[in-house]
Each structure stands twice: as C-alpha cells, then as structure tokens.
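Sequence annotations record features per position, and here TrEMBL assigns domain 'CMP/dCMP-type deaminase' to 4-117. Taken from TrEMBL, the feature Zn(2+) binding site applies to 55, 85, 88. The active site, proton donor feature in TrEMBL is assigned to 57.
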C-alpha cells in the first residue's frame, strides 16, 4: 500500500502514457507500487516490439516480479491510465496484487467493471480491491487525442490515395 494519494502515482502513469504516445503506441501507462516505492512501470509497446502482450500492465508486472524476485506481488498496487483488458486482468489475478487503480473507463474490451468484471466470478480465486476514475479526464484526454489524430491521418491518407488515382485516370492510365 502507499501513503501517497492515488493521484500522485497516476500522474506518473500519465507521464508513461505520454511516452508511449511519442513512440506511436496506444498511450497507456502503468506504475506498480509497493510500500511507497515503484517496483515496476511500463507503457504500451505492442506495436514497436511486435508483441501483442506488451501492454503497460504486463510490462509493469514483469518488472515488479524481477524487482522483488517473486511472481507474487502481494500488498502492491497497480496504477493504470486505462481500465485493463482481459489479458491484463488475468496477469493481475496471477500476480496477486492487492489493489488496482485506473483512470479512464474502457467500454469496449475492459474486464474490471465497465464491460465485464472478472473479479465477480466465483471461480476467480483472488480478490483485488478496485478504485476507478482517478484523474479520468486527463487519462481519457490523452487517449481521445491520440485516436482523433490517428483517424485524421487515416482520412488524409485515404483522400490522398483517391486524388492520386483520379490523377492517373485523368491522364488515361488503366492502373488507376
């Protein structure tokens, strides 16, 4: 657990999400804290590493396990800018963290309450305390800006491709 307010650690996760954004990754950051010390942190790296499991949460948990030299991360708290997906919830359960704190809600593929809540299933043998909505506006803003920019870039590429094909057609090229 920690003596610092949740916002303190979430700000670090937001910083890490910004690092992901600068690398062209989906901007999600995670910080794993044990007794007021960061034992692991990460940001999404799936695209650059060609690794579908390189989510911020997974990276933070791996680093945490390496730091404490144990795969069980008892008494630790994971701070994440976006509500975790199924894969990350599975890793959270297996790592035995005590608490999960997330900022933005994910109403598409989340598994910590907005879509599904794995912790409510009786077969899940570990309970994790969940705190949600911490600095949610800032966390959501980073994601919304990132995806708005991606959509605008995609629209521009499509428009440029159409213009190029129109130019080819205008000069009589059959490959247009």
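Heads up, the Cβ atoms here are built off N, Cα and C, so glycines get one too.
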Env. residues of Zn(2+) site, Cβ within 8 Å of mean position of 55, 85, 88 Cβ: 56, 57, 58, 84, 86, 87, 89, 91
Whole-number Å value for how far residue 88 (Zn(2+) binding site) lies from residue 57 (active site, proton donor) (Cα to Cα): 6
Secondary structure of residue 55 (Zn(2+) binding site) (DSSP, helix/strand/coil): coil
Among 85, 88, which are binding-site residues, the residue with the most C-beta atoms within 10 angstroms of its C-beta: 88
Of 55, 57 (the recorded positions), the residue whose Cβ has the fewest other Cβ atoms within 10 Å: 55
